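Per TrEMBL, the features are:
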- 26-44: transmembrane segment (TRANSMEM)
- 150-181: transmembrane segment (TRANSMEM)
- 227-244: transmembrane segment (TRANSMEM)
- 256-274: transmembrane segment (TRANSMEM)
- 301-324: transmembrane segment (TRANSMEM)
- 345-364: transmembrane segment (TRANSMEM)
- 370-389: transmembrane segment (TRANSMEM)
Amino acid sequence: MTSTFITRFPGFREAAIFLDFDIQEFIYFSSFLLIVWVKLGVMVKAMASFAEPVLSTSLSTCPCRIYTRKPLIVPLFSEYSSLRLVSDTKPLFRSGLGRVSVKRCFLTSVARAESDQLGDDDNSKGIDRIHSLQNVEDKQKNASQLKKRVIFGLGIGLAVGCVVLAGGWVFTVALAASVFIGSREYFELVRSRGIAKGMTPPPRYVSRVCSVICALMPILTLYFGNIDIWVTSAAFVVAIALLVQRGSPRFAQLSSTMFGLFYCGYLPCFWVKLRCGLAAPALNSGIGRTWPILLGGQAHWTVGLVATLISFSGVIASDTFAFLGGKAFGRTPLTSISPKKTWEGAFVGLVGCIAITILLSKYLSWPQSLFSSIAFGFLNFFGSVFGDLTESMIKRDAGVKDSGSLIPGHGGILDRVDSYIFTGALAYSFIKTSLRLYGV
């Protein structure tokens, strides 16, 4: 085998003689060197394949920036007086995939160090374009939301106006349906994660029973006229149910349930008392003289109907003028419960509510006194703001923006009727106690 190897590679004999090696030993030593050389080549190739994408990535993108497919353009180094390039560009190592030089490593460090000055124009243009697209999308979304609010607001306004004009059982049943939905939204807010984190909500079966009781209250008010005994009895039964429940009863369950019966059930009943209970005719009303006989004639226009229309219009004016005034002049926050409400907006809402109340009072000839009209407008405004802030406090503790999603663009029922909950009680009490002959 040795003779054959020497015959094919004659230079080995002269090299062995020159180095004073035995030919057999020289062959073994050469084989060992060849194996070592091959192993080193494989290792260098692996290192090059690992280092190549890392260095190329560091040159094309900056780790502190948003990824972009465009490579970073490195400016001339003459622009940076504090930087000096090393003239030595000898390769750090070679392989079949290419070479990585000292200069390339230096360029990588410069690209990372000067990341604020590399590709700023392209990145800033891209960010500005993203912001402009987001602004356009937000404007389109707000316009669509406003369109929905206007369309559904007008539809709800017309429907409520017809229900108020109809009165009687139509008004009462519609109010009972709204009360049922609103009470369900209230108890869902009580069970929400934000409120339930700090208290124990009532059981679901108690919440459902309370919603049914709240819906029956307006109907019982129309039928019996006075439901104080019924409300007291219902509250007593609910309290007993909470006390004998399984587990450990909590005072938070009792308090939230009792407030729900009062807030969602008892207070709305005053609208039934106001619209259907004050049946004295508004004799001086001009519109009553031209009202069709088939629709009830002049007797249809009662003090309750006129007072309800003026009160509803005052609440709408209060919310509208307060919103516009807050947008135009709002500077001082009204309360931390609702940061968007301002004292300036509240003042504009008060002026708008009183102005609308006075105009409608002159047109409908009720009440006769200007002072009574101003006082009635002030109470409508106060009840509207107080009801709105109360519901805002509940939603803030619950950690939600809207009480529900029943009405597109408006939220839930409570979001639309929160300003009316306390207003009916204030309006009815004012007419019953402060207006002689109901203001006729």
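Placement of Cβ uses the backbone N, Cα and C atoms for every residue, glycine included.
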Contact set, same chain, for the transmembrane segment (345-364): CB under 8 Å, 6 or more residues outside the stretch: 282, 285-287, 306, 309-310, 313-315, 317-330, 334, 370, 373-374, 376-378, 380-381, 384-385
Contact call for the transmembrane segment (301-324) against the transmembrane segment (150-181), three or more Cβ pairs under 8 Å: yes
Tertiary contacts of the transmembrane segment (227-244) (same chain, 6+ residues out, Cβ under 8 Å): 202-203, 206, 209-210, 213, 217, 220-221, 253-254, 257-258, 261, 265-266, 269
Distal contacts, the transmembrane segment (150-181) - CB-CB under 8 A, six or more residues away: 211-212, 214-219, 221-222, 264-265, 268, 271-272, 275-276, 304-305, 308-309, 312, 316, 404, 406-410, 412-413, 416-417
